[in-house]
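Have a look at the structure below before the remarks.
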Amino acid sequence: MASAWPRSLPQILVLGFGLVLMRAAAGEQAPGTSPCSSGSSWSADLDKCMDCASCPARPHSDFCLGCAAAPPAHFRLLWPILGGALSLVLVLALVSSFLVWRRCRRREKFTTPIEETGGEGCPGVALIQ
């Protein structure tokens, strides 16, 4: 009886492999695989792909289990909020740049020395006359 077990193991494996091949040849869907595009799921009852958008109206349909969670709704205010925030940042940057420029310009008036004695290009005689 102990010698029958090793001989029957290959037979069981071959039988199991044959069943898998027959199931694949019959066209049945293996669990976890789907020939459907995104947004749709395979219905075993109807034997075709069904749109997941109909699941809120009929949540107990067999294909709704294959649909992912409801897709997130589009946030319609995203672009106006993003545009407003970027505009605010731009305005604040311009105002702060103007204030810094104005402050530096006020200090700049007294930092430029005025040449009172003349230079090499201006003789001292010309200053006296």
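Here the Cβ of each residue, glycine as well, is placed from N, Cα and C on the backbone.
Per Swiss-Prot, the residue from C49, C52 that shares a disulphide bond with C36 is C49. Per-residue confidence over the topological domain 'Cytoplasmic' (102-129) averages 61 (mean pLDDT, predicted model). Taking CA atoms as the reference points, C36 (disulfide bond) and C55 (disulfide bond) are 16 Å apart.
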